[in-house]
């Protein structure tokens, strides 16, 4: 493959070949906040063009870019644009709109209005009209981050473990139920508001490494594991080379 897509998130690194207008088979691994294993970097593919999106720390981003520049003839880094591929961002200053949210909207663009919920380090929610107009969104802590924050302030509360229950009868289950339930409630409230605002039903797309535990609680949701990479593929095919 001559063109590849790279998505460097806060805690996971994903990449895939550009396959037409979509992402091909995805490879992914976790990374530290400030570093990535040297062996992992040395195993990256090579080709003609690398299309890169990053919300990771500046130092880690530059290290990955430096590695890619030794493997590709051209490395293109995505920046959020006011408009791309029929999507128009609601932010007055598009540079303040995260590139991961931007690409998720590009990947979600279709013939129906959609609410896009990304569950990673943060929980991000964005509403996109059928005409491609972004109607804004929300940012909150994801369930994983909620658990970590509670553990940091009250060490006796475990950072992981437990199963969801509507009314839990032990601490581990209560923590999972509260944190997962808070995320689901915010998504559901946003979905209801979007439907009222747009005057029609709104589809729900969910993506991100923290999404699978929420899916049983969101029966109408469609899970799109490669949504950001699909959006990056859209950006790659719609934006002119610098």
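Every residue gets a Cβ built from N, Cα and C, even glycine.
Annotated ATP binding in Swiss-Prot involves 7, 8, 9, 10, 11, 12, 13, 14 plus, out of the candidates 121, 124, 144, the residue 121.
According to Swiss-Prot, the residue from 91, 164 that belongs to the substrate site alongside 98, 99, 100, 101, 171 is 91. In the three-state DSSP reading, residue 9 (ATP binding site) counts as coil. Closest to residue 9 (ATP binding site) in space, going by CA atoms and restricting to the binding-site residues 98, 100, 101, 171, is 100. Taking every pair among 7, 8, 9, 10, 11, 12, 13, 14, 121, the residues recorded as binding ATP, the greatest CA to CA distance is 15 Å.
Within 10 Å (C-alpha to C-alpha) of residue 100 (substrate binding site) lie the following binding-site residues from 7, 11, 13, 121: 7. Of all the binding-site residues in the list 7, 11, 13, 121, the shortest Cα-Cα distance to residue 99 (substrate binding site) is found for 7. Residue 91 (substrate binding site) falls within neither a helix nor a strand when secondary structure is assigned with DSSP, and so counts as coil.
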